[in-house]
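What TrEMBL says about this one:
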REGION    229-251  region 'Disordered'
REPEAT    55-87  repeat 'ANK'
Amino acid sequence: VELCSSGTMKRQRESCHLRKLAKYTRSGRFRRVAKRLDKMKWSASDNVPDYRDENGRSLLHLAAAEGHGGLIRTFAELGCSLEAKDVHGNTPVHLILYHCLQTGKSPVIADRLLSDLLGCQRPGRRAELLRLCNSAGVSCQRLLDRLADQEAATSAAADAALTADIDERDADNSETIIWQRRLADAAADDADDDNDGAGFFQDEGEAFWTFETLDDWFDRIGREYAERRQRQRQQRAAAAELPEQPPPRQQRQCKQLKLADTPSAAPECEAYLRYKDSYLAFFQSKSVIDSVDEVPWPPFLIDSAVGPEAALRWLRLAVGGDAEGLVAELRQLRVLWHPDKFMQKFGDRLPAGRPVREAVLRRVTLASQLANGAAALLAG
């Protein structure tokens with residue numbers, strides 16, 4: 001067996017962490033990056049390994065290419081080189097400006113990202129970085145000027161479009177107002193002065209005729225009010241004749257479980273509701289399971305002698321004979337009491353190597369077998 005030296009294992013571990021750092025940096029997952037750096041105990045005083053991907057980009061390059069300001073500041077403070085170039089000769093400043101040009105960001109955003117990159121650098125450092133060129137001979141200052149020209153062109157186009165829209169809207173409004181005035185004048189000229197029941201109204205340029213007098217309007221409103229009160233009295237009288245409904249909480253839970261409001265199903269319904277409440281409290285709890293009785297078992301799981309037929313018969317009473325509700329409850333029970341699912345959720349709360357763990361697993365297996373058997377009987 002070939003054994004690896006401690007130095008080789010350390011380099012492999014650092015390489016794995018650096019690959020994960022690069023993945024989290026591209027997606028902008030700042031918390032994952034901070035957790036990974038804290039786990040490796042890398043700081044500005046340490047010699048952080050110089051990671052390069054297939055394009056020759058460092059972690060600072062990756063953060064700059066995506067415009068993640070917080071990560072740019074983090075890697076710059078860790079000592080990543082600000083003048084490092086990728087295979088195309090681009091520095092982190094190049095990638096920041098390329099990102100702003102491609103996504104249409106303003107020079108203000110670019111200046112903010114550059115401030116995150118420079119941090120506490122000396123005053124002349126910004127000018128030095130802006131003079132650097134890539135393999136195509138494009139300098140950072142040229143990209144910054146192009147970003148300013150793009151912002152100016154975008155602003156001019158937006159102003160022109162806004163001006164045209166305002167002019168068109170004003171023209172439409174002025175034409176509409178003129179026609180409204182003409183219609184109002186024509187209606188006023190055609191009005192019959194002898195018709196007392198007609199009235200002409202004009203509101204904000206809109207004109208309309210009504211042939212309802214004020215007295216007729218009051219009579220119509222009174223009739224509508226009386227009819228509405230009569231309908232309300234009839235609804236209250238019909239509601240008083242209905243049987244008394246259960247409390248809102250019980251009614252809501254019975255509706256969720258699709259339980260029938262029949263006297264024969266009431267005990268099973270209440271038992272099933274109590275089981276669901278206790279299971280929810282058990283699921284939210286984080287305490288250690290010290291005994292089998294602390295687990296909220298299904299009500300039909302009375303002892304080891306119960307069979308699938310008894311379990312299915314009990315569930316039919318609990319859901320009131322509703323076929324869809326019975327299928328849904330069986331599906332939920334099969335998922336909740338599957339041994340693998342149960343261990344995934346509550347395995348860390350069971351004591352290791354003790355009889356309690358084995359007893360709980362036996363009971364869970366029995367509940368799963370009963371639920372599967374009841375589902376098979378229902379399907380058959």
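Glycine too: its Cβ is placed from the backbone N, Cα and C atoms.
Where the annotation comes from TrEMBL, it is an automatic prediction and has not been curated.
DSSP places the residues of the repeat 'ANK' (55-87) in helix, strand and coil in these numbers: 17 helix, 0 strand, 16 coil.
Summed and averaged per residue, pLDDT over the repeat 'ANK' (55-87) gives 88.
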